[in-house]
Every structure is written in structure tokens, then in C-alpha cells.
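Pulled from Swiss-Prot, these are the features on record:
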REGION    1-20  region 'Disordered'
MOD_RES   15  phosphoserine
DOMAIN    23-202  domain 'Josephin'
ACT_SITE  36  active site, nucleophile
ACT_SITE  139  active site, proton acceptor
């Protein structure tokens, strides 16, 4: 099964639909170039200054000290399409950890109150200007709670996508995790990771 756009419960979403304008209190960093990892991180922290392209590039270089970077390769490597190791190291600089979620587990055991947000890696359509190409590429997105509701803060969206409460969030996560090549990271404070208190079954 491929990762298709989240539709949710149509009847429920129509009855609880929010105004079209994005709530002003939500920070939603939009896609530019291929900086989806940067956008996902800043959207998780709800802070445009949490990380910069230069910060992530420095982390990449630290993790790969033997990489010979010519000006041409530096441009390629700095395109923002960073792997999970860069994201995990970036979170650690802020006192947070990324917990990889085993897709065989039930998302019902996630202690949502102890999770700041989620970063997902899933296939996304490639676009050339206004044209959507018949190709897929892995893409980082952020999902988190703001003002008592959960939102999909995918940087490719024009505005935050309202998911709903905890029950709707779990349905959203289950839906995507059933798909091929979809992975989930739980963003939690260091002490939560140390005590595994992101789990409701411990």
C-alpha cells in the first residue's frame, strides 16, 4: 500500500471543518528547494530560528568528517535532503531525542502527553513547477499539537492540515504507517527518552 493523502473521516471533518485561513498561532514553514528536513524540524519547534540550513550542513559534516566536499558537491549535499542521522543529531543539540517507532506496535500505546511532536518520512510526489510528476521521493513532514488540536505541518501544504484530537491523530498515524516506506519518529525530551515514558504501557 502506498502512502496516500490523508482523508480522515469525511463526514466528521466536514462537520468540524476549521476556517480556511490558517490559525495565526501556528508556525508553518513552507517548502523551498529540498529543505524538507529543515522545515520539519522548525515546524516541530514552532520556531523559524530553531535551525538553519547552515546548522544542518555543519552537523552533516561533523557526522561525515571524511567527506571531501568540492563546491559542486557541497551544493548537492546541502540541498536539505538530509537523512535521519542529521535530524537526530540536530534534535540532541536542543535537548531532545528522536525515538524510532516500530511499525509492528500499536500507536495506541504512545503516551501523547509526553511527546512534543512527530517527524514522518514518507513518499511524496515530485513536482516541476505546477506539474506533478509520476515519481515519488522520500519526504520529511512534521505533525504536532497546537492549541489542543493536532496538525499536519507538511511543508508542501499551502496551510496547516487539521487532524483533530488524540483519537484522530492515532488514526492518521495508523493510516500512514500501513503504507510502504513510511517511518515515524517521536520527538521527546531527553528525560522522556531515558525513562521511556513516551510509552503508556510501562
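Numbers here mean position along the shown chain, with the first residue as 1.
Keep in mind that glycine also has a Cβ here, set from the backbone N, Cα and C atoms.
Taking all protein chains in view, 23 other C-beta atoms sit within 10 angstroms of the C-beta of the residue listed as 'active site, proton acceptor'.
DSSP classifies the residue listed as 'active site, proton acceptor' as strand under the three-state reduction. The residue listed as 'active site, nucleophile' falls within a helix when secondary structure is assigned with DSSP.
A gap of 7 Å separates the Cα atoms of residue 36 (active site, nucleophile) and residue 139 (active site, proton acceptor).
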